[in-house]
Amino acid sequence: MEEYELREIALQEGGSNLDINTPPNYDNPVGDGSSPPDSPDIQKSENQFKNVERELEIDSKQYLAGHDAENNHDENDEDFKLRRYFENSQRMALGNGQKPKKMGVSIRNLTVVGRGADQSVIADMSTPFISFFNLFKPSTWKEKGSTFDILHDITLFNRDGGMLLVLGRPGSGCSTLLRLISNQRGSYVEVKGDIKYGGIPAKEWKRYQGESIYTPEEDTHHPTLTVRQTLDFALKCKTIHNRLPDEKKRTYRQKIFDLLLGMFGIVHQADTIVGNEFIRGLSGGERKRLTITEAMVSSASITCYDCSTRGLDAASALDYAKSIRIMSDTLDKTTIASFYQASDSIYNLFDNVAIIEKGRLIYFGPGNKAKQYFIDLGFDCEPRKSTPDFLTGVTNPQERIIRQGFEGRVPETSADFEAAWRNSSMYRDMLEEQKEYERKIEIEQPAVDFIQEVKAEKSRTTPKRSIYTTSYITQVKALIVRNSQIIWGDKFSLISRYLSVFTQSFVYGSIFFQMEKTIPGLFTRGGAIFSAILFNAFLSEAELPLTMYGRRILQKQRSYAMYRPSALHIAQIVTDIPLTMIQVFLFSIVVYFMFGLQYNAGKFFIFCFTLVGATLATTNLFRVFGNFSPSLYISQNVMNVILIFMITYCGYTIPKPKMHPWFAWFYWANPFSYAFKALMANEFGDLSFDCHDTAIPFDPKNPTRYDNDYRVCASPGAVEGILSVEGKDYLDQYLHFRSDDLTQNVFITYLWWVLFTAMNMFAMEYFDWTGGGYSHKVYKKGKAPKMNDAEEEKKQNQIVANATSKMKDTLKMRGGIFTWQNINYTVPVKGGKRLLLDNVEGWIKPGQMTALMGSSGAGKTTLLDVLAKRKTMGEVQGKCFLNGKPLEIDFERITGYVEQMDVHNPGLTVREALRFSAKLRQEPSVSLEEKFDYVEHVLEMMEMKHLGDALIGTLETGVGISVEERKRLTIGVELVAKPHILFLDEPTSGLDAQSSYNIVKFIRKLADAGMPLVCTIHQPSSVLFEHFDRILLLAKGGKTVYFGDIGERSKTLTSYFERYGVRPCTESENPAEYILEATGAGVHGKSDVNWPETWKQSPELQEIERELAALEAAGPSSTEDHGKPREFATSVWYQTIEVYKRLNLIWWRDPFYTYGSFIQSALAGLIIGFTFWSLQGSSSDMNQRVFFIFEALILGILLIFVVLPQFIMQKEYFKRDFASKFYSWFPFAISIVVVELPFITVSGTIFFFCSFWTAGLNTEYNDINFYFWFIFILFLYFCVSFGQAVAAICFNMFLAHTLIPLLIVFLFLFCGVMVIPSSIPTFWRGWVYHLNPCRYFMEGIVTNVLKHTDVKCTSEDFTHFTNPEAVNGVTCKQYFPISEPLTGYVEAINEGDESKCGYCLYNNGEEYYNTLGWSFDNRWRNLALIICFWIFNTLMVITFVYITRKPRR
């Protein structure tokens, strides 16, 4: 097989005469201080080295300074400079003793087995029941589902420094092959066969993980980082140790940074944030270039690029491929790339090509022989059809052309193609060449030099067997900087968090303002300290979604061997420390002194230090559940149960002696308990609490009646005759811990933080919930297609063939003439405004397809956003008309817009998503049957019939359809709406040639039927380009280069450019690539002609302006009047029904969310029920009953955090739907509130049955039982709607988690439990207390539970005092008669002994709640008020959904 046969022809440039593949003959490692045998003259070598260094420096400056200059050099000159730069870099490296890491790949008999689609079905709420009952069905025990071969018996190889192009249609197995070459095997059932890397077996190759990397199709980056920050981080993690002499790390990183940004033309975007589908940032093409650049930073020996030209224009894609070619030639980098669409220019840069169909290898060999091989098999290639399109097209019955005389003899199925290949002489030659290559590997042993060089690249402190280049501490430092940048990148949320904390601290401080050192202040002071811990715990809830977010980025960078996952957690906790310290200090500096805690600097700093430890421990605990859990909802619900445990067993709500033994162990396994004990000891250890005015006995009418020697404080720790209680005695007797253990408890609090840190590090190292990047499909039960079945393959081919033939030429579309004039679009930037569209004008007419082209970043997507009325930011100037009239309210509805980002609701199947679009966007006069028939037609045309019942899913979880299939679904969603005008933003990006052809052919039919449409397209083949009638070509800055007809065989278009001095376009050349080259598109493209200015002076523009003036003067066209324009196709009532049905289906299919709340309620109910097991009628049990209800209140409040992520996610999908006018804001808002109700009802009922009777609250009054259940359910309705209202306001999860604690502080602090109503400051009691729904919940349910409860104090509950008048026959009751305002009763402790008396605080439950100012008579009023609060929250949801209904773009 010829090696690198097409290199010089493809690149058309010269190279260096230096043989860079021959390393210097050094026997000793570089840097050991010795010289090799027969070493040359040292001085002479140093002089030569310095000469090369100076030459490299000159070349570097020329390249790095000149890559972005305009109108100076032609394209080949730019390639020459890049080649020369790399060659000189390699010469210097060789002179420094470095050796190229030349590693090829040899694959033999590779078979990859995947799970069949029938192995798992779409999970829903019935799944657990079915699984349970299947345990009792022996017939199901052995049913494990089918498997299939994703790849079947693949044998090929790629030499070191070689470039292998892998071609195949989507689903053929190209991505799997690339993953296996990069040694990513985790997601597959079985991998059979042999892969060797330069002779190193795959098992051993794991030690060199970062030396073979896989760059996935999707672009995964932190959206708030800039390009500079993203690449700088990668460079810090991959900076090699054996750099050039005296070259500093910073210099090395800057050199590589400048080089790569110059190579890929993103120099001007260096300080632009990356962005994503929800955050504005880089364009799609620029983001793709960043992905490629990041992969190159890894400096891997073998790089696998999966569809890496997706989103790039043809010129940029060619520049990228040329850069890869040069790097492969000069640096001996081995490249394997998979492209769905590639031009001949790109194709010719590769040495070999492998073609895969349905997992089978049907060709492997030189690229220049592949076309002839298939022609010899009996296939023919159309004129102007690119070689890659032809090679993939031969496997498609609808695309391939059979040569005359070969009918019935050509292969039909993938198995036929594989058999033909294996029977060919080329296959036998390939096997011989592979054997020869493997023998060469055995002789030359490149692995020896490779291993030595890998070791030399590692930093001195990096273990030699480590897969990482830099040391652990270096990784941590880089991650600390990146984490800080991510946090500061969202500075609005950070500042909002601190402002929220500071604001809330005043609320907390005012509630417990200047607590008195009296007996009532004992419990209140403990409540203040407890609330300080609880406040920071609620803030830590934000860590759960943040832990889940970024898993895919971690998985990618982990595969690049950038850093250990545990290093990421170390960096997180390092950045946590200052942020937490600031947070706690802002909180403490206010509350400590407002609380009236001891004015002692040491105690203040102990308070802060302990709170910091408790907050850090809680934050890490939340991360533990996030890292050990596959789902946010699982971790959220489990964490809520644990949080209830921690709150209950910290020692505040239940003192340690009152804890039942079955759960008392959690007191010792609870970070909160140690923090609480430390803070209590810090405050109470040397305090005394006075009780002169409240000591027992006490006569309100005659305060001096009783002798103080016989009075006692009504508090644990009291001593008769001493009218004060020592804080340390209170801690000892009531809470059962010593104040001397302060230091120990602080230390243990931090020890928990360390333990949780270790658990997180373990989880991040050994758990990967992303599925390794492999997307696994799940189907409805019984709907999974058969895999690797020849008959099924023929059936699918026939479906597509029938769909193609059924495309009706008589389709009737309601199109119109859409014109736009003088469109300018500016956006605010730092220091002024930036013009993104500059005076763009044009039109689209029925029956015409207009192509919108230009280099990446030229403003194509921006123009479509403006024309489709999707822009909500910036300033738009200019005029748009439809049929001569200004755009009306129904424009967005009748317009189809296929956006670049594929945003779909993951809980639906493909067919359900399409039907939903058809039902809500097609005219209501069209029957449902006709709408569904059209959906099936589109499914067939999009080659998605077999995916109709597949779950859309998400890429993050690895469950759902692939990236390419999502793109097809995006197009289908718009097509089924039968729009009047169609805008398509890169509809063929990421699709193979045949899929692209089918889509373009389909929209060509729509155009022929009368639909006007405009389509941005990056890499059109000649065949695709011929389907378009007109073209609008943009240059950077949104300037028009050309707008007009393309003409037959593109003659009108090409003649325009030839008129101004561009070379003629050849017959075999792709006109789309020709015009991009002519106008200087691409990374390094340049042109001597100022095309925007040329266009302004051209006669074509004058003709365009005359035509636009004529269209405007003609006025509204006499089209059929269809009545008053409607913003939405269907009524609000119909929309509401359909949206509710969809949301209900999504909730039904999310058992993690629904069953998670059920399980949370059950566990919480059992925990709370058994914690307050069988409460009796003692005085202390009155308190326990109230705290039982308080725990139920906390459960409801915690539900707020559970609904946040679901609502925010669904709101993003709603914004996308609303922009296309699927449905109004009201149906979504009311549906998402109502859909929760049945699930909340079940959750509340579960809690009721698990806790009510367990805690001993059963009474013979059924109305009391019913009331408890009813008001609790309504309270849960309120809590969920409250969380939804907050989520409707906030635009991201972090902000919502910042705002929630500020609001819930008013809920639980002002409910009347932690601070009794009479003690609440007048300012708050006057309005917040009365506006707090939790107050009405507590009043209603407490009075309901305690109404018929009599109190009988135990010996421990009594306040003991001596009756000195007992010797005179005075009984206890006579000695201390109870009179208002006192409550309770007095009796002798021991029957017959009236000298020892006891005072019980209450006679019955009514006396208890009367002291709070509550009344049983208000219970139905309270219930009604909770309903009112719930309705108010619902109105807030509706209001804020309306206000935030439009996405920021």
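Cβ atoms here come from the backbone N, Cα and C positions, even for glycine.
Sequence annotations record features per position, and here Swiss-Prot assigns ATP binding site to Gly854, Ser855, Ser856, Gly857, Ala858, Gly859, Lys860, Thr861. The feature compositional bias 'Basic and acidic residues' is assigned by Swiss-Prot to 1-10. Marked as compositional bias 'Polar residues' by Swiss-Prot: 14-25. According to Swiss-Prot, the domain 'ABC transporter 1' annotation covers 130-383, on the basis of sequence analysis. If you look up Swiss-Prot, you'll see 488-731 marked as domain 'ABC transmembrane type-2 1'. Summarising the annotation, Swiss-Prot assigns domain 'ABC transporter 2' to 818-1062 and lists sequence analysis as the type of evidence. Sequence annotations record features per position, and here Swiss-Prot assigns domain 'ABC transmembrane type-2 2' to 1152-1386. Feature annotation from Swiss-Prot assigns region 'Disordered' to 1-49. Residues or ranges marked as transmembrane segment by Swiss-Prot on the basis of sequence analysis: 519-539, 577-597, 602-622, 634-654, 747-767, 1155-1175, 1188-1208, 1228-1248, 1266-1286, 1296-1316, 1423-1443.
Features recorded in Swiss-Prot, as mapped to the structure shown.
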residue: Ser856; record: ATP binding site; contacts (Cβ under 8 Å, 6+ apart): Gly265, Ser283, Gly284, Gly285, Glu286, Arg289, Gly311, Leu312, Asp313, Ser316, His1018
residue: Gly857; record: ATP binding site; contacts (Cβ under 8 Å, 6+ apart): Gln269, Ser283, Gly285, Glu286, Lys1036
residue: Gly859; record: ATP binding site; contacts (Cβ under 8 Å, 6+ apart): Tyr825, Leu836, Leu837, Leu1034, Lys1036, Gly1037, Gly1038
residue: Lys860; record: ATP binding site; contacts (Cβ under 8 Å, 6+ apart): Leu852, Met853, Gly854, Asp985, Thr1016, Leu1034
residue: Thr861; record: ATP binding site; contacts (Cβ under 8 Å, 6+ apart): Ser283, Gly284, Gln900, Asp985, Thr1016
Residues within 8 Å of the Gly854, Ser855, Ser856, Gly857, Ala858, Gly859, Lys860, Thr861 Cβ centre (excluding the ATP site residues themselves):
Ser283, Gly285, Asp313, Thr862, Leu1034, Lys1036
Where else in the chain does the transmembrane segment (1296-1316) make close Cβ contacts, counting only residues six or more beyond its ends and a cut-off under 8 Å?
493, 496-497, 500, 503-504, 507-508, 511-512, 524, 527, 530-531, 535, 538-539, 541-542, 545, 1186-1187, 1190, 1193-1194, 1197, 1200-1201, 1204, 1208, 1282-1283, 1286-1287, 1289-1290, 1324, 1328-1329, 1332-1335, 1337-1339, 1411-1412, 1414
Are there residues at least six beyond either end of the transmembrane segment (577-597) with Cβ under 8 Å to its Cβ atoms? List them, or say none.
487, 494, 497-498, 501-502, 504-506, 508-510, 512-516, 525, 528, 532, 535-536, 539, 603-604, 607-608, 611-612, 615-616, 619, 683
DSSP three-state assignment (helix, strand or coil) for Gly854 (ATP binding site):
strand
Using Cβ atoms and a strict cutoff of less than 8 Å, what residues sit near the transmembrane segment (747-767) while being 6 or more residues removed from its termini?
554, 564-566, 568-570, 573, 610, 613-614, 616-617, 620-621, 623-624, 627-628, 671, 674-675, 678
Close approaches to the transmembrane segment (634-654) from elsewhere in its chain (Cβ under 8 angstroms; 6 or more beyond its ends):
526-527, 530, 533-534, 537, 541, 544, 547-548, 621-622, 625-626, 628, 663-664, 666-667, 670-673, 675-677, 735, 737, 1152, 1156-1157, 1159-1160, 1163-1164, 1167-1168, 1171, 1184, 1187, 1190-1191, 1194-1195, 1198-1199, 1201-1202, 1205
Once the chains shown are all counted, how many other Cβ atoms turn up within 10 Å of the Cβ of Ser855 (ATP binding site)?
26
Averaged pLDDT, computed only over the residues in the domain 'ABC transporter 1' (130-383):
86
